[in-house]
Amino acid sequence: MGVKELWGVLTPHCERKPINELRGKKVAIDLAGWVCESLNVVDYFVHPRHHLKNLFFRTCYLIWEQVTPVFVLEGVAPKLKSQVIAKRNELQFRGVKPKNSPECTQSQPSKGDKGRSRFNHVLKQCETLLLSMGIQCVQGPGEAEAYCAFLNKHGLVDGVISQDSDCFAYGAVRVYRNFSVSTQGAQAAAGGAVDIYDMREITSRMDFGQQKIIVMALLCGCDYCPDGIGGIGKDGVLKLFNKYKETEILDRMRSWRGETDKYNALEIRVDDKSICSNCGHIGKTQSHTKSGCSVCRTHKGCDESLWKEQRLSIKSELTLRRKALLSPDFPNEEIIAEFLSEPDTIPNLNLNWRQPNLVKFIKQIGHLLQWPEIYCFQKFFPILTRWQVQQSKQEKILIQPHEIIKKRTVKGVPSLELRWHDPSGIFKGLIPDKQIAEYEAEHPKGIEELYYTIEPLDMLETAYPDLVAAFLKSKEKPAKKTTRKKKTASEEENKENEPNSKPKRVVRKIKAQPEENQPLLHQFLGRKKEGTPVKAPAPQRQQCSTPITKFLPSDLESDCDAEEFDMSDIVKGIISNPNAKPALTNHDGHQLHYEPMAEDLSLRLAQMSLGNVNESPKVETKRDLSQVDQLPQSKRFSLEDSFDLLVKGDLQKLARTPVERFKMQHRISEKIPTPVKPLDNISYFFNQSSDNADVFEELMNSSLVPQDQEDNAEDEEEDDLVVISD
């Protein structure tokens, strides 16, 4: 169990790192912790000797990572722990005897009085397994975690692997928790991982060491006082730790029972209503808040930093003291002595890896693990070869490397695969023939495949340098030999005398021109503009209120020429100077003039062409009119050409010219009645107008007739033709 609530305080300061961080280090392992952890796995069916199986594979993993393990066995349990051991035995053997049995009421020694007889038997099996693997085991005088902490505190090992937080109370400096080599579960890791707790760093950060851990064990609970002090938790203990240093906390706790008068005076002062709870001076808190404090020299309120925080801290400590003194044996000096006591002598540990015993493992451990002999050989043989590679200078050598098969890389470490052989036949007859026959049937290489192992390259270079050098030399690629033969002098003479021999091509190297002779950029850009073809610019279109292509479909936009009806210059000239005389236009020495016409020539021509189409449709057309009539209106427009649209303009209400668009937009009548004017009236282009009247304006005014008079005007008007005379 350990110290209650201790892991919650230390976990924020731990570091999760891979197990290869422990490479080359010596670690002390609480063997009882690993065994209890394996025995508590009851959620699913496991191996009947799960603790042995788990111990074997975990130890193998440490060997592959070049970590030196030191397993510490349990000694004589302290008397303080007898109560805890009895409760554990009751939970372990529950259901064996009825609770109300008369035998239980008799004053007979129970099984719990025998101590750890059954548990020690399990530890003895584990010790036999470890000795067969050549791993060092150490017997502790008392608790295993206490001896592990002792070895770590005196520098004999680099750390402690344990799940019990009691090792911190015993003085452990570096603890490895949650050791895992599995790829499944909550503590899974790809290559093995462990939580590292370094008390040196934790003490420097929060002033939390062994003495405070002992006080926490007395107040919150531990293996020697499971219940602790009722009503005291982690938060109250941490507030007490913040008030006192690591070296003061244990003496302060011992003074709770001895210095009664001192704490009684503190209780009277803390609870005194005549003393201000903020500043600690004489006077009530309410009066100081309103009128101020004369000692603090304030007119309103008082200095809270003098007494308020200190009062709360003292009050919290007095509350813990009051609860702790309810226990008659608090503070228990036996528990404090158990955590602070150490063995008298420091042992001389021989941490060298001893030779593994394959025969002992198969004979003694194989039946406990319920493994067949060939499986035991397959799992244990790599341990023997690794020991021989590391301890190659030993005189007693059992097997020899036969050859190196190939290169390998294991977790980024360069390695080699070897095949070993047994020259003295020590392992002959160790595996039954039946198992060998079954193995050879499944593996084509036969029994020799059991003698294949993978070892690190650096270890092999130290142990067997000649074998490694020969293998690496055999893997080197020889230099490539040129297959081209050198020509002799006679062959060269014959080649020169051949008539068909082609002369050698001489490659001329072009020298780079100096920068002074290089052409400049403006010489490339300075071309003649006279003969250079230039793209004609697009005609500029003027924006107006009525776009040119507003009432025309897309295929008739090209039929209109905007420049032909551009009268902007004429309008500007009239507006800018209305009194100016118009310029006369001559043609072959004669002045041009015109006669007004009643209708638009283009409109008249369109009506005439429309009438001809309705009376006699042309036979030459190749369109199928029946199919065209069935199409929608938009499709029919797209199938007809521009001439058809011009002819059917009146029916489709389309504008054919810009003038017609202007009339349709402003609802100007297309049929204009002939105004009554003098016969000698001439165009505004000439300066012969009578009565100084603008004929163009009169023409426009007369054109604004209602739309409903259009039909009547059509019957009355006659066709007027434009006459242009020389």
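Quick reminder: no glycine exception, Cβ is built from N, Cα and C everywhere.
If you look up Swiss-Prot, you'll see 1-90 marked as region 'N-domain'.
According to Swiss-Prot, the feature Mg(2+) 1 binding site maps to ASP30, GLU74, GLU143, GLU145. Sequence-distant neighbours of GLU143 (Mg(2+) 1 binding site): residues of the same chain at least 6 apart with a C-beta under 8 Å from its C-beta are GLU74, GLY75, ALA77, PRO78, LYS81, ASP166, TYR170.
Marked as region 'Disordered' by Swiss-Prot: 96-116 (among others).
On the 0 to 100 pLDDT scale, the region 'I-domain' (131-227) averages 87 in the predicted structure. The region 'I-domain' annotation in Swiss-Prot covers 131-227.
When other Cβ atoms within 10 Å of the Cβ of ASP223 (Mg(2+) 2 binding site) are tallied across all protein chains shown, the result is 23. Residues annotated as Mg(2+) 2 binding site in Swiss-Prot: ASP164, ASP166, ASP223.
The region 'Disordered' annotation in Swiss-Prot covers 478-521 (among others).
Residues annotated as compositional bias 'Basic residues' in Swiss-Prot: 502-511.
The annotation region 'Disordered' is assigned in Swiss-Prot to 704-726 (among others).
Swiss-Prot lists 708-726 with the feature compositional bias 'Acidic residues'.
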Any further residue of that chain within 8 Å (Cβ to the Cβ centroid of ASP30, GLU74, GLU143, GLU145) of the recorded Mg(2+) 1 site: ALA32, GLY33, VAL72, GLY140, GLY142, ALA144, ALA146, TYR147, CYS148, SER162, ASP164, ASP166
Local backbone state of ASP30 (Mg(2+) 1 binding site), from DSSP in three classes: strand
For the region 'N-domain' (1-90), the number of residues DSSP places in helix, strand and coil: 48 helix, 15 strand, 27 coil
The region 'I-domain' (131-227): DSSP-derived helix, strand, coil residue counts: 35 helix, 20 strand, 42 coil
Separation of alpha carbons, ASP164 (Mg(2+) 2 binding site) and ASP30 (Mg(2+) 1 binding site) (Å): 9
Binding-site residues (GLU74, GLU145, ASP164), the one with most neighbouring Cβ atoms at 10 Å: GLU145
